[in-house]
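**Student:** One structure is given below, represented as structure tokens, and several questions about it will come after.
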Amino acid sequence: MSIARFSVKNSVLVNMITVAVLIMGIYFATKLNREVFPSVDFGYININTTYKGASPEEIENLITVPIEEQIFDVDGIDTITSTSNEGSSAITIKAEAGIEGTKLDQLLNDIKSEVDKVSDLPEDAEDPNVTKREPRFDVITIGIWGDADQEKLRNTADRLKDEIELIKGVSNVDMDGYLDREVWVEVDPRKLDALNLKFSTIINAIKKRNLNLPSGTFDSGEKELMIRSIGEVKGAKDIKNIIVSSYADGVVRVGDVANVAETFEEEESYVRFNGRRAILLDVMKSGSGDVINIAEEVKGIVKNERAHLDEGINISLADDESIYVERRLKTLLLNAALGMMLVILILYAFLDSRVAFWASMGIPFSFLLTIIIMSYAGITLNLLSMFALILVLGIVVDDAIVVAENFFRYREMGYNLTEAVVLGTQEVIMPIIAAIATNIAAFIPLLFISGIMGKFLKTIPFVVIVTLLASLLEAFLILPSHLHDFVKDNVSEANREARAWFNRVRNYYGNLLTSILRRRYLVFSSLVGVAIVTIFFGLFTMKFVFMGSSIAEEFRVSVNLPTDSNLDATDRVIKKVEELILERPKDEISVIMASVGGSSSSYSGRIRVELTEHGYKKIGAETITEELREESDLIAGATSITYRSQRRGPPRGSAVEVSIQGDEFETLQKLSEEFKKELATMKGVVDIEDDYRRGKEEIRFIYDEHTMGSLGLNVNDVSTELRSAFSGGDAGKIMRGTDKIDIIVKYNEYMANLNNLMNFSVSNGNGDRIPIKTFADVSYGDGMLRIYHDDRERTITVSANLVEGQNTSKEINEALIKKFGTRSVKYPGYTFKYGGEYEDTMESILSLLRSLLIAILLIYIILAALFRSYVQPLIIMVTVPFSFIGVVFGLFISNIELSLMAGIGIIALVGIVVNDAIVMVDFINRAREKGTDLYDAVIETGKIRLRPILLTTLTTIGGLFPMAIGIGGREPMLTPMAVSIVWGLAFGVLLTLVIIPCLYLVIEDIKLKIAGRKSR
């Protein structure tokens, strides 16, 4: 029994399946989480190791290099980069493409095993911490700002953080500008020396007193009791009274040699919100969290908190991702609604109203079934999944159109209802399967695009493929039953008259086709010439960019000063930049958030600027940053001030990122200067800088080993005692409720004087205190601030940004490659790696070309299997290059660059544009098998298939048309893909109706000529 006849005979089952899909689909649609872009794990593993007080050179030699050498040959590692900082090593491992999920977990375990084998790390270094980098999903930022003191700001931040962390889907709340409480034990070294006490003695005394330990059990005969020794300190007063040492005439307490006070941690950064002191709370969601729901709950909590704020405190919101998500999803929903209206109108224009209705029902059925599968697959409602649904909006009805139109044709021919349904479906099953298979074949390679973008874009092909398969199920199982049950009457006379216009179109096309086929060689060769010229025009005049132009709604400012600058000096420069921004018209700037110091060191700062709608739409982030860039040149004290527009989407590097690799920093620096000088001569290149920084000035102790030996000292013990004294010692924590207050032991300000520093005493094995000046001399110098490695090589990276619209990353980098190459001629052994956006661009081009070739090969295999021919698939696939005429034309008149997204649209087009040709060639073959003359078979098939060809193409175009021209609002990231498909199909269908009949006859002419006969 055929599937069509099964559908007709089992209408109850079919209707139950339909209702089940509709109900479940609507339910799951309300449960899908919403976000801008899909949650992606980019496959990074971090190895962090702390070694307090060590210089970057020590960190590099003692920690970074041994770990890198141990792990570099672990299977599954793509790249290894590292940063050796003062006191810490940070190594980042990028997994090879395809390693994710359980494979990534296995790689993590393999790396942990190798790191555990490193046995020669310094004893004082903490154990390396190997972790998988979890994706960060920002939702909203809360600014708590004003003139209130730190205590009040902190209390407000604590209350908000505690409430927000209870919201479902919130993974973390990071705080910037928040100072933890600490107890400082500031030791006077003179008193230690007078009492012959070591610095470490103070730390140990506090640790031994501040305990809460189980001490066994006590059995009273009736019950068993736990014994616990309680020695916890409650505050500064308890610490002062801790006994450090006992003598015959008394005891020495901590308070006798140190000042003890409860305070806040030392301020290592300043944070401001719109120019006022602030604490910032960055709310992040888990992969399963809904951005819009979380943001709404956060706003509710903030509203309640505002009702009882202390005087001098304000709360503002910034970086609200939910606004962007709602705006983008509304744009896509509007485009989808407009597209669906166009699709349905087109169906009603060509088909009987009842047939058109049931054909259009394929859209909700396919979409809702896809949403059910998306929910189980963990795919959220985001820009890419929404676009995938819009992309197939017109395609999902193609198979239903072909079935319904063929049923409609059989009814017009007088067949009874059941036979019209069964024959109409059976006749087109193979062409429809082939058409859907070619569509899927075009999207399958997109699942394997390499790099970060590949992971990011996987949602599109997945959703498209699932929806197409759902539409196939609807066309073969659901639609025949509905046509049989609900379109029982013959086609009405009114409907015949209403569609009489199409008969005139069909007759006109038949006459035109007859005329064209008489001149088939001239027509075909002319169109081939046009295609070649157009494609070459596109290749040589259109610039390829990675992601294309899009609106930036915010920008970032990075400020660097000389590395010996303290926090206050850096803050003065940051304030000047803030003033420049605040002087802009108020209708341009929404929020300014400044952060000085922190993890980036005291010499640098960052400013985040959020623009108003007027600012980013009417003025533009590029214009604002260019004007600020010129004004910033007048600010004294900064070594660099760089501006960068922030666009949402997948992470991307700078337009220029040249990594210079080699052994000696002196040579690396010379090469860096050569690159920077060359970049400075190029048009549109701005914010040129490198990441080479000399460290702060160092006090270097040069030890006399002979004197040290005679005093019972060694370099390691002295160095360890110095590190503990000046880096501070952790003496435990005070528990106060859920708060943990660190106890920090350090020297007081007496040691800030160099002469006093030389009197610093260390203890030998006999307990004698010996001044350091006895066995050491002092010299001054500087080292590196940070040491970067890329694949175990020392690296300096030169970076730059581009003024939009003047040059592309590809053009600038290719100019650099032409001048410098990839290896230094002047300095053998030094190499250049061109990364950032250029690396992403080249990776994208190669991935697109590879995907295009795979798609073409898969489509050819499918067609060859369908037609059992090597030649006829080539006839069909000739529509592909001709559709490129439309792509070039569409991108050109739309002023859109050729980008990764436009390229993906071209690959998708390859699978869609052949659909019409498949059905046409299949029907010509069927007509000839029935004995129809070749020439008549071609013309009659053209006339018969004109309606379904126009229908399927117009519905596909209609679904994407609103997005392509921006009727329902523009989505810059996705518009290039829509433009490529719409214009490619528009030209493709016109040429299909001409090229396929011409080429079919040309091929047959060649066959007949070989056989010694001629066609008409």
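Using N, Cα and C of the backbone, Cβ positions are placed for all residues, glycine too.
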**Student:** Of 739-759, 949-969, which span is tagged transmembrane segment by TrEMBL?
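**Tutor:** Going through 739-759, 949-969 one by one, TrEMBL gives transmembrane segment for 949-969.
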**Student:** Return the stretch with the most CB pairs under 8 A relative to the transmembrane segment (385-408), choosing among 12-30, 358-379, 459-479, 900-921, 949-969.
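**Tutor:** Comparing 12-30, 358-379, 459-479, 900-921, 949-969: 459-479 has the most Cβ pairs near the transmembrane segment (385-408).
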**Student:** Relative to the transmembrane segment (949-969), which of 358-379, 428-453, 900-921 accounts for the most Cβ pairs at distances under 8 Å?
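**Tutor:** Of the candidates 358-379, 428-453, 900-921, 900-921 scores highest.
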**Student:** Considering pairs 6 or more residues apart, do the transmembrane segment (981-1003) and the transmembrane segment (358-379) have at least three CB pairs under 8 Å?
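**Tutor:** Counting Cβ pairs under 8 Å, fewer than 3, so no.
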**Student:** Taking the transmembrane segment (332-351) as reference, which of 358-379, 521-546, 900-921 has the most Cβ pairs under 8 angstroms?
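**Tutor:** When the Cβ pairs under 8 Å are tallied, 358-379 comes out ahead.
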**Student:** Look over the recorded stretches 428-453, 459-479, 521-546 and say which has the most C-beta pairs under 8 A to the transmembrane segment (358-379).
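**Tutor:** If we count Cβ pairs closer than 8 Å to the transmembrane segment (358-379), 459-479 scores highest.
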**Student:** Per the 3+ Cβ pairs under 8 Å rule, pairs at least 6 apart in sequence, do the transmembrane segment (428-453) and the transmembrane segment (900-921) touch?
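**Tutor:** These two stretches do touch.
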